[in-house]
Ligand SMILES: *Cc1c(COP(=O)(O)O)cnc(C)c1O
């Protein structure tokens, strides 16, 4: 990956691109929403399809010359249908947020009511945060996780829904380490005559591989990001039934977007093909096994995990008990210095500011993509412990930085 042609035109950008590849090779990527795609997906995303305008849908485009764009989009759709078992799929959303926008635009009017999980409890900006278009456009009420258990408070959600009478209930989360009971939320949605949007942005790959239960066929709409656990490159996706197909398609184009990013849709097609192979199931199983091994070792070291563990690809560490004087920001910075890249995160019952909250979120999708097994994940947990416990100690951090480099060398990335 030397970006020769970029270098000939623009050495400054070429330097940044090669430095970024090296950064990814030489650090432990533990941001739970990130991953490493294959070289095949990278190549498809960097293809000449970036030149093509293909407004509309396969067979019904507004421009000439779309025959290959049609092929690629049809392949992406067919493979998604096979992966998730959805009746209707729209692969055009530029991102997960725009996939959600497509559903809202299709089904809601301004001022309609949205019931979603509170951001600091694991929700997402696009579920109704005041700074997001959703918070400005709709009337939003939010449910929470149970403060004792860290699990979704399904009873509280149900009671709130009956009182608030939402038009749509949003499930699916950004920082929730447990399986979601889609059926239970669907029962509530049906009881109050609301639509149910299950946003599986983080767990698309886990659901596709069958290592997390699927909301497809349960909720009315399922949205996702294609660059998180599914490893198909940056973008979004919407799945629904035939009943809502035309409303969703019209909401994405021309409702919310113009021309689709056809090069990214090519990346989705290739990534979905990879995800249909048996190796992908092994990958998804490894993601969860690694997260469990990581979480258990962190607990052995004294850390407190929100919900007491994980069923998924991530752990959420609440630092308040084990390290009351260390903020999520302190931990994130110290870990970044040694090459462990993760993010500070709010925790349920947050007592600090969202800019410097009390937790850190750590995910295993990118580590598992480069082959990390449970033993290696336990080693990573030990390194995290040493750094957080000694976040001001430069000698300790220098030692851990060497261990991180050695681990990266054991599990190489983008070798050729
Ligand atoms: C990551 C995420 C999204 C979408 O993010 P984009 O950055 O817009 O792709 C949507 N919903 C949830 C729950 C997420 O975690």
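Numbering starts at 1 and runs along the chain as displayed.
Note: Cβ is positioned from N, Cα and C throughout, glycine not excepted.
A simple way to gauge crowding: the CB of residue 354 ((6S)-5,6,7,8-tetrahydrofolate binding site) has 12 other CB atoms within 10 angstroms, across all the protein chains here. What TrEMBL lists as (6S)-5,6,7,8-tetrahydrofolate binding site is 119, 123, 124, 125, 242, 353, 354, 355.
Positions annotated as domain 'Serine hydroxymethyltransferase-like' by TrEMBL: 7-384.
Marked as N6-(pyridoxal phosphate)lysine by TrEMBL: 228. For residue 228 (N6-(pyridoxal phosphate)lysine), the same-chain residues lying six or more positions away in sequence with a CB closer than 8 A to its CB are 33, 34, 35, 201, 202, 203, 204, 205, 365. A coil conformation is recorded for residue 228 (N6-(pyridoxal phosphate)lysine) in the three-state DSSP classification, outside any helix or strand.
What TrEMBL records for 227 is site 'Plays an important role in substrate specificity'.
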Coarse DSSP state, helix versus strand versus coil, of residue 242 ((6S)-5,6,7,8-tetrahydrofolate binding site): helix
Listed recorded positions with Cβ under 6 Å from ligand 1, out of 123, 227, 353, 355: none
Inter-residue C-alpha distance, residue 355 ((6S)-5,6,7,8-tetrahydrofolate binding site) and residue 227 (site 'Plays an important role in substrate specificity') (nearest angstrom): 25
Sequence-distant neighbours of residue 242 ((6S)-5,6,7,8-tetrahydrofolate binding site) in its chain (C-beta under 8 A, six or more apart): 87, 88
Whole-number Å value for how far residue 227 (site 'Plays an important role in substrate specificity') lies from residue 353 ((6S)-5,6,7,8-tetrahydrofolate binding site) (Cα to Cα): 29
Residue 119 ((6S)-5,6,7,8-tetrahydrofolate binding site) to residue 227 (site 'Plays an important role in substrate specificity') - Cα separation in whole Å: 21
